[in-house]
Number of protein chains: 2
Amino acid sequence: MSKYWSDAVTRLTPYVPGEQPKESGITKLNTNENPYPPSPKAAAVINNFDTDRLRLYSDPDCTQLKDAIADQFSVNRNNVFVGNGSDEVLAHTFAAFFRQEHPLLMPEFTYSFYPVYCDLFDIESKKIPLRDQFELNLDDYDQPNGGIIFANPNAPTSRAIELGDIEALAKRNTESVIVVDEAYVDFGASSAIELTQRYDNVLVIQTFSKSRSLAGMRVGYAIGHEDLIDGLERVKNSFNSYPLDMLAIESCVAAIQDNDYFAETNQKIINTREWTTEKLAELGFISLPSKTNFLFTSHRFLEAAELMGYLRSKKILVRYFSKPGIDNFLRITIGTQEEMELLVSTLEQHPDLFKMDAN
Amino acid sequence: MSKYWSDAVTRLTPYVPGEQPKESGITKLNTNENPYPPSPKAAAVINNFDTDRLRLYSDPDCTQLKDAIADQFSVNRNNVFVGNGSDEVLAHTFAAFFRQEHPLLMPEFTYSFYPVYCDLFDIESKKIPLRDQFELNLDDYDQPNGGIIFANPNAPTSRAIELGDIEALAKRNTESVIVVDEAYVDFGASSAIELTQRYDNVLVIQTFSKSRSLAGMRVGYAIGHEDLIDGLERVKNSFNSYPLDMLAIESCVAAIQDNDYFAETNQKIINTREWTTEKLAELGFISLPSKTNFLFTSHRFLEAAELMGYLRSKKILVRYFSKPGIDNFLRITIGTQEEMELLVSTLEQHPDLFKMDAN
């Protein structure tokens, strides 16, 4: 607190990212990172980079990367916006489209950065309850709004919705922008990118941090109608002309073109997720049906907060949100098969697990 | 223009960065980049980087880089803020401190991104005229204000002011933040960093883009009282948790520790600047006394706009601002000695230069 702060700064409640531990020997299943390294082609870009070029500014328009993304998804360059992680893309999205008369609608449980952006940009928001089993039902969004945002698959619930439901919403809700945050879409859900070609009110946001294994490189993007992209460019160019460095641009070009590697690592994660879901079920965990690289799970009788502490004492980090309604769930990232075997065997050694047989 | 934009987006006039040409064979003296490559130690970090680590998020607090900067300037880690280029640091600074009742004061001619941030964050600003020969005189800032920002040395004028003048202002102006944008300070001016240790209302912003030859890596930082840094962190953590990628963090740690290389390349630029100033004077140019890596210069009788076009036709890019008051000046980046010799010999071949003898 300082007399020099703008009033709005005092009111902010900043986002708290998952812990990035500095000690080694930790099994890190808390921030939904990919357990596999990035594409070897992206790695080669970095290790062979002509560093003398770094004396020059990077391309403020990131044309090379926009073209690679456009090619990948069969859209045009002017349908693509890129930013410093999908968090920055989201921030510009909130500023560009959601400062409206009516409130922004979002699910009651979703990415916890959304309400933070609302505070930052002074956007009124309305949280729409999820239905039974955390089901996101877009029929609940038929009400006056200045925008709609949800994650598909949703986080931390891991559940996905059908493309047909999003299309139906896009048809009904023509006066505001519908943002589909697809950070996890590549692990089993259907992308709404094709809808952006037919509906000028749908914006899809994706990231290189999850399915492309480049969380440490900070690149995200949005795909939508060129007028939406133009709005984002206007905000971006009033904030920071060059948000992506040369290495981020060029390593992501290589990563997005390496579809074989992408398919192979994603399939491994999906297989491990299904194995883990089954094993955890045998230990008394009930997991929501996941289309992501994490499980949202609660135990029949062991408390989530206690389980998080137990796992932490065994050097396994998982994410826990002490928020009413989800405070008996753990969000567990799908790591390598070996990491998940370690998770399962560690849980099997929990001193109170034997009680399960008594239930 | 789109019905989906927030009203404020329609009103924005985005910043237009200097051209980044894609063709080769261009002598690029238009965006004040360093003509020398970054420190070989920074280069080694990149080319030897263990890219498997990129699957993980980078450190959201950038502790390693903050510590390296703190060491370099003999301040504490909590006096240091880092961001995605000094442009992002500036954006957060405007949001954190300048949204006040009174207008922000800035020089009439200075970094042209400042008014853009004012538009973005709805900040009223007041431009203070420069004195004769574009002299920035801080006595002119003794008036009600919600903040003061200037560049030292100033851009595009290249002139520097004395530390004593900034200190005197800091003593008088105790109710708002004074931001000293030191993007060019290493080319001959005195940094106000020492003042930040004694005045809680002074914030200094620097960049790796100019004197550290890392424009392509996008890293800037601010140094000030911990309460100011805390304000910046609150805004940053409500906008984007991880603005710096791993390569940006670690290459800049190496760069800032390589003081020998830094001193050597800066001295070469200063020497070339002095040589160029003298040679241009012989050709009829009058340059302001520069403490930067560029010259702000006008010709005795040739028009700046025409000269820019002539140089462009010879594949030499310089920056020109078609703004009343400075529209007969060129801003010419100091390149290598060879590049400046090419500039001088190209100007010598200008068909109208012979007229000089007649004047």
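Cβ atoms here come from the backbone N, Cα and C positions, even for glycine.
As the structure is a computational prediction, the values presented were derived from the model and not from experiment.
Over in TrEMBL, the protein carries these features:
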- B:16-37: region 'Disordered' (REGION)
- B:26-346: domain 'Aminotransferase class I/classII large' (DOMAIN)
- B:LYS210: N6-(pyridoxal phosphate)lysine (MOD_RES)
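In this structure, the residue listed as 'N6-(pyridoxal phosphate)lysine' belongs to neither helix nor strand by DSSP; it is coil. Across the region 'Disordered' (B:16-37), DSSP helix (H, G, I), strand (E, B) and coil residues number 0 helix, 3 strand, 19 coil. Spatially close to B:LYS210 (N6-(pyridoxal phosphate)lysine) yet at least six residues away along the chain are B:ASN32, B:GLU33, B:ASN34, B:ALA183, B:TYR184, B:ASP186, B:PHE187, B:ASN293, judged by Cβ distances under 8 angstroms.
Mean per-residue pLDDT, taken over the domain 'Aminotransferase class I/classII large' (B:26-346), amounts to 97.
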